[in-house]
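Read through the structure below, which is laid out as structure tokens, and then see the notes.
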């Protein structure tokens, strides 16, 4: 009688069998997901605001995803094309906004600088008045007169003189690039080039993940906001990353950060690097250091208007290391400047290095696709070794 009480119906047996099979499938999928996860190189992009992190991500899309044709995951060519068209339209608006912000910022700064800057041609004052009048207009529709006034002002020597003093106020890096292209951007059929899209500045808020594959190896790159109030979100990304790519705007030695208009940008980057290098949660994660904006650094050094020693007095005593390898045709002043900045970061990493993580510096220009291709190829072996060490396979 007891046996009869424990007997199972056919339906119950079938249900249990189905449950066991479902559990097996779930377990198998979990194992598969774990293998994929362990085989993926996760790279965390860190750095102070406007250092070029998002531009590095754009380069990965150009080099390893599908350019700017959608996000690179669509199997349907029509869907990819539709996504691409939508993205390009959004980017055209972003580029026009960059152009507007650039001319507004420069003409607004003219009267605020000490000493102030005058227009070379006083007859252009009505153009300045127009630009300032549309400064806060929501959903601005970019009428022809906007481009006419912006172009005339950009050709005014007084406006150019104010632009030359842009380290004294907050101006986006791409200002000159887009102001030089007003005649192209104003066209109704304007389609941005890859270089236009690389130069376009949009504030990164939150965390963005880009997935790509190089020689059948999966990479996930996380780009996070660089402004101070974004940094508290970073800690979510720290868990189990293969490496940190720390991006520095090398040309920012004579600029101050947007957040307080006081702290030197390069000093802010050094302080941030130090806090990351010494963070107890990151003591085993190595850092690939991208000393970025080498093109702008070279321009500043050769122009000779802003001397590094005025901001970092120790530069006056610095000599270029014997093992320095300048680019072909590089001016010795540029070589000395870029190695000084490199060594400021290496001083931090060597002062508190305990052999559990390392710093690998590279000189980069994020808007130069070939430069980023070469640098990333150089980094891949390092990343692979970090990954093997992470899972104790090395």
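Just so you know, glycine gets a Cβ as well, placed from its N, Cα and C.
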(message) Suppose you had to name the range Swiss-Prot annotates as region 'G3 motif'; which of 179-188, 209-218, 219-228, 229-238 would you pick?
(response) 219-228
(message) Tell me which residue from 51, 84, 352 Swiss-Prot records as phosphoserine.
(response) 352
(request) Taking only the Cα atoms, work out how far residue 47 (GTP binding site) lies from residue 352 (phosphoserine), in Å, as a whole number. (result) 20
(message) From the DSSP assignment alone, can you count helix, strand and coil residues within the region 'G4 motif' (288-295)?
(response) 2 helix, 5 strand, 1 coil
(request) Identify, among the recorded positions 204, 352, the residue whose Cβ has the fewest other Cβ atoms within 10 Å in this structure. (result) 352
(message) Using a Cβ cut-off under 8 Å, which residues of the same chain at least 6 positions beyond either end of the region 'G1 motif' (42-55) come close to it?
(response) 172-173, 198, 201-202, 204, 208, 219-228, 234, 237-238, 240-249, 252, 257-259, 265, 268-269, 272, 276, 290, 292-293, 364, 366-367, 383
(request) For the region 'G2 motif' (196-204), could you work out the same-chain residues 6 or more beyond its ends whose Cβ comes under 8 Å from its Cβ atoms? (result) 50, 53-55, 58-59, 62, 68, 91, 94-95, 98, 172-174, 177-178, 181, 223-227, 230, 366-367, 369
(request) Compute the C-alpha separation of residue 352 (phosphoserine) from residue 51 (GTP binding site), stating it in Å without decimals. (result) 24
(message) Nearest by CA distance to residue 300 (ubiquitin cross-link): which of the binding-site residues is it, out of 51, 55, 204, 294?
(response) 294
